[in-house]
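Only one structure is covered here, and it is reproduced in the block below.
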Amino acid sequence: MTASAASSRSATPSQAPIRIAPSILSADFARLGDEVAAIDQAGADYIHVDVMDGHYVPNLTIGPMVVKALRPWSKKVFDVHLMIAPVDPYIPAFVEAGADIVTVHAEAGPHLHRSVQLVKSLGVKVGVSLNPSTPPEVLDYVLPDLDLVLVMSVNPGFGGQSFIPSQLDKIRILRSKIDATGRAIDLEVDGGVTPETAALVAAAGADVLVAGSAAFKGGAEAYAPNIRALRAGADRGRTGG
Ligand code: DX5
Ligand code: ZN
């Protein structure tokens, strides 16, 4: 990279620090409080909470009562990913439960702008997620209002799926759209993130990496090395190493 390319890159939000957001979907649900504390102490930046309704996605997970019960177990950012439709009626309960970021799906309802404004009106950060088949242009008229864009690199509903490589192009497009706003909007990727794919998504411009199975595999002793390996992968991607 030339010196001028390096300086122009470092002037953009793409050089925000890499953050690792372990998804508790892959934790031991019988010991969820301990698992949240353990992954926090292992170096997680965000605690990613996957909320599924058996309707918008073909799986059921947890609701606001569980988020509230987990809140005392970590001071880290609670990054709540709502895979539910309708979403608006439930947003206040997740905010009251302690969500710091509430992410809704662009495809989950007819009034995305309204959902975004609702989250913002409640004083927390707002994200919008795009499924693998959804083009990045659907965000054009809401992007400046967002704190986070979440690119799904698997079809939402389950952990442990394989990364869909076509999403790298979408990450690159969204990176340049975000940079054009001049705002510090997180670009998060979720699904099939391993140390290897972490390098690819970081090179494409992602700065928040969700990882379920890759973060929680091997039991509590492995959580810190798992997170270090994900971070190292992302660093390799950024530096081209
Ligand atoms: C999928 C969820 C993801 C999932 C990721 O619908 O949104 O957060 O837990 O799991 P891995 O990292 O195992 O693909
Ligand atoms: Zn998720």
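Any Cβ shown, glycine's included, is placed from N, Cα and C.
Taking Cβ-Cβ distances under 8 Å and a sequence separation of 6 or more, the neighbours of Asp50 (active site, proton acceptor) in its chain are Ser23, Ile24, Leu25, Thr61, Ile62, His81, Met83, Gly159, Gly212. Taken from TrEMBL, the feature active site, proton acceptor applies to Asp50.
The annotation active site, proton donor is assigned in TrEMBL to Asp190. DSSP classifies Asp190 (active site, proton donor) as strand under the three-state reduction. Cβ neighbours of Asp190 (active site, proton donor) (same chain, under 8 Å, six or more residues apart in sequence): Ser23, His48, His81, Ser129, Leu150, Val151, Met152, Ser153, Val154, Pro156, Val210.
Residues or ranges marked as substrate binding site by TrEMBL: Ser23, His81, Gly157, Phe158, Gly159, Gly160, Asp190, Gly191, Gly192, Gly212, Ser213.
The annotation divalent metal cation binding site is assigned in TrEMBL to His48, Asp50, His81, Asp190. Mapped onto three states, the DSSP output places Asp50 (active site, proton acceptor) in strand.
By the criterion of other Cβ atoms within 10 Å of the residue's own Cβ, the least surrounded of the binding-site residues Ser23, Ser213 is Ser213. For the binding-site residues Gly157, Gly159, Gly192, the ranking by surrounding Cβ atoms (within 10 Å, all protein chains) places Gly192 first. Ser23 (substrate binding site) falls within a strand when secondary structure is assigned with DSSP.
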